[in-house]
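> Below is a structure I'd like to ask you about.
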Number of protein chains: 2
Amino acid sequence: MAQDKSSESKTRRPRAETPKGFRDYFGAEVTERKAMLDKVAEVYHRYGFDPLETSAVETVEALGKFLPDVDRPNEGVFAWQDEDADWLALRYDLTAPLARVAAQYRNDLPSPYRRYAMGPVWRNEKPGPGRFRQFYQCDADTVGAPSVAADAEICAMLSDALETVGIPRGDYVVRVNNRKVLNGVMEVAGVLDPSDPTRFEAERGIVLRAIDKIDRLGEGGVRALLGEGRRDESGDFTKGAGLGAEQAEVVMAFMAARRDTGAATVAALRGLVGASVIGGEGVAELETIAELLDRQGYGSDRIVIDPGVVRGLGYYTGPVFEAELTFEILDEKGRKRQFGSVSGGGRYDDLVKRFTGQSVPATGVSIGVDRLLAALRAKGRAGGEGAGPVVVTVMDRDRMADYMGMVADLRNAGLRAEVYLGNPKNFGNQLKYADKRGSPVAVIQGGNEAEKGVVILKDLILGAKIAENATLEEWKDRPAQVEVPRSELVAAVRKMLGQ
Amino acid sequence: MAQDKSSESKTRRPRAETPKGFRDYFGAEVTERKAMLDKVAEVYHRYGFDPLETSAVETVEALGKFLPDVDRPNEGVFAWQDEDADWLALRYDLTAPLARVAAQYRNDLPSPYRRYAMGPVWRNEKPGPGRFRQFYQCDADTVGAPSVAADAEICAMLSDALETVGIPRGDYVVRVNNRKVLNGVMEVAGVLDPSDPTRFEAERGIVLRAIDKIDRLGEGGVRALLGEGRRDESGDFTKGAGLGAEQAEVVMAFMAARRDTGAATVAALRGLVGASVIGGEGVAELETIAELLDRQGYGSDRIVIDPGVVRGLGYYTGPVFEAELTFEILDEKGRKRQFGSVSGGGRYDDLVKRFTGQSVPATGVSIGVDRLLAALRAKGRAGGEGAGPVVVTVMDRDRMADYMGMVADLRNAGLRAEVYLGNPKNFGNQLKYADKRGSPVAVIQGGNEAEKGVVILKDLILGAKIAENATLEEWKDRPAQVEVPRSELVAAVRKMLGQ
């Protein structure tokens with residue numbers, strides 16, 4: 001298209017669009033998320049956790065991406081250079097800011113420091129369907145508590161939080177594993193040398209990734225990856241970890257070590273890690289966690305020891321946990337599948353060390369807010385639209401004060417109400433507006449009604465029902481339209497709302 | 001300092017600091033703000049406003065700062081270039097995103113569209129004491145309603161919101177003015193020519209700034225600025241608007257036009273704007289607003305017509321309003337002063353026009369969240385610290401399961417409780433921790449108590465009082481320490497908390 005550039009630049013209008021990968025949230029989307037997070041916060045508060053709201057903007061170096069040699073250190077984060085040459089960036093999670101806070105305020109914060117944080121994070125990644133570049137996280141962490149009692153507490157709190165927001169017991173399970181046990185297994189399998197932790201790093205990486213693929217590849221596929229390697233359907237070859245059959249057997253046995261009770265699982269794991277010191281530590285930690293939770297009444301219907309939890313094991317240093325929703329939903333192709341993970345966490349060292357040089361133990365959990373909200377919607381447990389306002393229509397532009405007096409009366413009685421503020425000429429538009437607003441009742445007062453001192457109330461919910469298929473009884477019992485004295489407006493609306 | 005650069009770069013630790021001008025919010029700071037905003041949202045909801053949460057990131061062109069000729073279009077905003085060359089930026093207010101949303105979703109949104117928004121905004125400005133580069137705003141706007149009934153509604157809602165969060169009637173006033181009246185006055189004073197609105201622009205700017213300075217300069221100073229100009233104490237000369245005495249008198253009379261009742265003020269303004277068409281329109285609008293509010297019961301103890309409201313008049317196109325807190329506080333130098341403005345707004349056109357080319361009327365209000373919160377704190381109306389958790393101390397590391405069972409019992413009874421998770425060796429540290437947490441009660445169970453099946457409860461609030469100056473009666477009435485059976489833990493803690 002040939003265009004006159006100069007006139008184009010004068011009249012050019014900005015596009016009314018969010019940047020790619022960003023979105024807006026309207027009405028019930030905001031309300032539902034807020035209601036869910038409020039309930040989670042209530043549980044966290046009862047556990048003694050305090051809210052922390054950090055700045056959305058951090059220095060890039062605090063985020064741990066400080067690379068002085070590159071021109072623009074923003075792989076994965078949104079970053080820009082400040083006027084005094086500092087690189088700033090939007091936080092990409094809530095853990096890095098916690099580390100910075102724990103270091104910055106280490107002399108003022110209670111120790112251990114329990115905090116929760118809820119808010120948006122930003123990822124500079126390729127957006128995709130349902131994959132946004134700004135999304136909410138909801139984290140709880142304990143900094144400065146070395147004991148696995150802190151991990152057990154997080155697991156119990158996660159379980160309570162899920163039930164409080166509306167996931168019934170039986171529809172979820174918190175699965176607990178321990179990175180140290182896996183290290184012990186690696187040792188027994190001969191791919192970890194405690195005297196030289198850097199040896200076999202590549203092999204361990206392959207083993208971790210193989211374990212993580214069990215659901216997709218099955219036992220045979222994982223065995224191939226633990227051994228020489230695997231050629232997939234497209235013919236591509238993935239190099240394996242090169243483990244012998246006996247070595248691979250240790251790893252396979254680890255993945256299958258879950259038993260009916262925590263005690264039995266712990267016993268099986270103890271057998272697997274053999275003489276490995278780190279493995280023995282990990283098993284003892286799992287045993288303690290299981291005992292602490294059991295004594296608080298968190299049985300295997302809520303929290304289980306499960307060696308199958310591997311996701312993100314590389315990042316953690318001790319116990320790891322994951323909350324999985326076990327009910328089935330239909331995916332976009334109409335196939336049944338389990339809802340899956342909505343939360344994960346674990347113990348991680350070196351949180352604060354990067355800033356202060358001193359090691360500070362920490363453990364915590366992160367809830368995927370959008371996924372949990374989707375789960376509540378799937379279960380019909382989210383708040384839904386909520387009640388629309390009573391709409392007072394405008395029959396006579398000159399009597400706006402009367403109409404506003406009506407909404408004032410309704411609001412003062414605690415009812416949600418608004419007067420129609422568009423062009424009142426076309427009455428049909430006013431009812432269409434009320435419909436769009438999800439309004440339960442329309443209030444109408446024309447000149448005749450005003451003279452008689454009455455108002456007409458239109459029951460829009462019943463009206464819609466009648467239009468569809470309400471029975472005569474329903475109609476008689478609760479007429480879709482009534483005339484009441486103006487002085488009885490509030491009482492009559494209340495009655496129509498069934499309050 | 002001579003330093004080995006290469007070793008420095010290897011061991012260099014990031015600074016644990018927020019970027020300049022950014023800050024963190026802890027505990028009660030988060031809770032208090034949330035409680036206040038929840039109350040405001042409740043009022044907005046009752047008025048039929050729906051929540052809207054837009055992306056924090058917008059394209060620079062949507063923010064209205066699109067300047068293709070400059071290398072980095074981020075004057076005042078934090079901006080960066082996306083990988084596909086788009087400039088993105090953090091929103092600097094909640095109005096520009098509303099304009100974008102109103103344009104983007106114009107076929108789906110109800111019209112008029114009432115929405116509220118609460119969230120952080122970012123300003124790339126020099127930070128100063130108490131002046132941050134990220135702060136909260138809380139806005140409510142009605143898009144698509146040309147009638148001043150929409151403006152009146154916003155004023156009533158603002159008044160309700162202030163009272164609901166805890167500003168008592170009498171401690172605030174919502175002041176209403178109208179940009180059109182000022183234009184009428186400018187016309188009468190001869191600095192606005194309706195047939196050529198660009199004439200006298202510089203003079204009008206000087207007049208506006210002069211009016212805005214009445215508090216600081218007094219009548220004489222303003223008169224000087226309306227006339228030839230003014231030399232201040234330092235000897236600097238500010239050029240005046242060059243109005244003759246009669247012209248200046250019109251402006252001075254406008255500023256002094258507030259009377260005891262809205263009707264009297266309106267009458268005074270009507271006299272001042274004379275034959276000006278735009279001025280007459282403005283006066284009629286103020287009259288309608290006054291009448292609508294009066295009929296809803298918002299008298300001059302809450303909302304007044306006040307020509308003295310000038311701040312930001314340049315931006316608005318019709319009614320403007322401002323909520324002022326009228327009680328006195330002591331400033332940092334111990335001098336009494338009025339708390340001042342906490343909210344402002346008005347009617348503004350061309351909100352959506354920039355995107356669509358079609359004019360869409362809009363009116364709205366913005367609450368300065370931090371200022372209103374500061375006011376509530378000054379009045380003792382903010383939530384304060386809130387109750388710290390009951391702290392269960394650890395006398396015997398091996399009985400952690402017992403201690404966690406105690407906190408579980410307390411939590412299940414709805415009480416806020418936590419077990420001490422630090423190193424339990426030094427018991428004094430545990431009580432210091434409880435103190436830092438604002439804990440009301442410490443629970444203690446050593447070996448002896450465990451054998452006897454009892455726990456010791458320490459009343460930390462009374463304990464602190466006794467340490468200061470509690471009377472003997474208080475001590476007898478409510479001993480600072482009791483021993484109770486383990487089975488009565490919850491009941492006894494409840495009693496100690498006075499529940």
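Yeah, the Cβs are placed from backbone N, Cα and C, and that goes for glycine too.
Note that TrEMBL annotation is computational and uncurated.
Here's the feature list from TrEMBL:
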- A:ASP93, A:LEU94, A:THR95, A:ARG123, A:GLN137, A:ASP141, A:ARG311, A:TYR315, A:TYR316: L-histidine binding site (BINDING)
- A:1-389: domain 'Aminoacyl-transfer RNA synthetases class-II family profile' (DOMAIN)
- A:1-20: region 'Disordered' (REGION)
> Counting across all protein chains shown, how many other Cβ atoms sit within 10 Å of the Cβ of A:TYR316 (L-histidine binding site)?
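Result for A:TYR316 (L-histidine binding site): 21 neighbouring Cβ atoms inside 10 Å.
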> What residue among the binding-site residues A:ASP93, A:THR95, A:GLN137 has the most other CB atoms lying within 10 A of its CB?
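Within the set of binding-site residues, the most crowded position is A:THR95.
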> When DSSP states are folded down to helix, strand and coil, where does A:THR95 (L-histidine binding site) land?
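Note: A:THR95 (L-histidine binding site) is helical by DSSP.
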> Under a three-state reduction of DSSP output, how is A:GLN137 (L-histidine binding site) classified: helix, strand, or coil?
strand
